[in-house]
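Following: one structure in structure tokens, then a few remarks.
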Amino acid sequence: MYPPPPATSYTTAMALVTVVSMASAAISETGRQLQYSKFWNVGAKKSTPKLPGKMGMLLMYTPAFLIGLASFGIFPNEGLRFVLLKLALTIHFFKRLCEVLFVHKYSGPMFLDIAIAISLSYFIQAATMIYAQHLTQGLQEPLIDLKFVGIPIFLVGLSGNFYHHYLLSKLRGEGEKGYKIPRGGLFNLLICPHYLFEILGFIGVSCIAQTLYAFSYTLGSAMVLMGRSYATRKWYLSKFEDFPKDVKAFIPFVF
């Protein structure tokens, strides 16, 4: 299904590092969550500089968006699959920036070190996915070509993620910072449907790319978001006595 591995150990090593580090992060999320969004003050480090929530989120996504945009100039004319991958990554992070600027409403600040760490992680992962795709140029195409399967999967994931982010934003009125139980869409079944659709989007990216690194990133992201979904559901159960117990974390009726 995937092209033969190129003559480099970098992407293979990065694939392993990505899965292992994200698996570790997923386990951590079930205990001590990464400090942003509703978990920003969990185990807060009082001496660490903080940014306004919107500024922190912009810092998180901007470098990855810029490397996606720059990749069109760095690696021009390298085939349709590569163009589709670069488009998918650039559109994904552009959408996230637009949501930060125009959709999300923020309940608290973000620690500067957390914002930098997540930003660096997104940047490295996006750059590595692009570089891994560059290394496949001139190699034999996969026996089963999934790029045209990946496009609609990516678009469904992108749209579903945006829709549920929009629903979350409508829970708060002007100036409100408190949390409410989400309603509408798949929130009647899941507490984090936006995470589920985000992973669906990256499954689409994996199908477009068909590289080992793209697959490893999708697998790692799924583990992290499942862990954070579990923590989010646990948080809602602790905060709201009327939280519906049949609403799952990540997978309808299952988990």
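Cβ from N, Cα, C; glycine included.
Range 144-164 is the one annotated as transmembrane segment, of 144-164, 165-185, 228-248 (source: TrEMBL). Which of 12-28, 80-96 counts as transmembrane segment depends on TrEMBL, and there it is 12-28. Your range for transmembrane segment, going by TrEMBL and the list 55-74, 195-214, is 55-74. Residues 36, 86, 89-90, 92-94, 96-97, 100-101, 104, 106, 109-112, 114-116, 118-120, 122-123, 125-127, 130 of the same chain, all 6+ positions outside the transmembrane segment (55-74), place their C-beta atoms under 8 angstroms from a C-beta of that stretch. Outside the transmembrane segment (12-28) by six or more residues, the chain places 5, 34, 125, 128, 132, 212-213, 215-217, 219-221, 223-224, 226-227 with a CB less than 8 A from a CB of the stretch.
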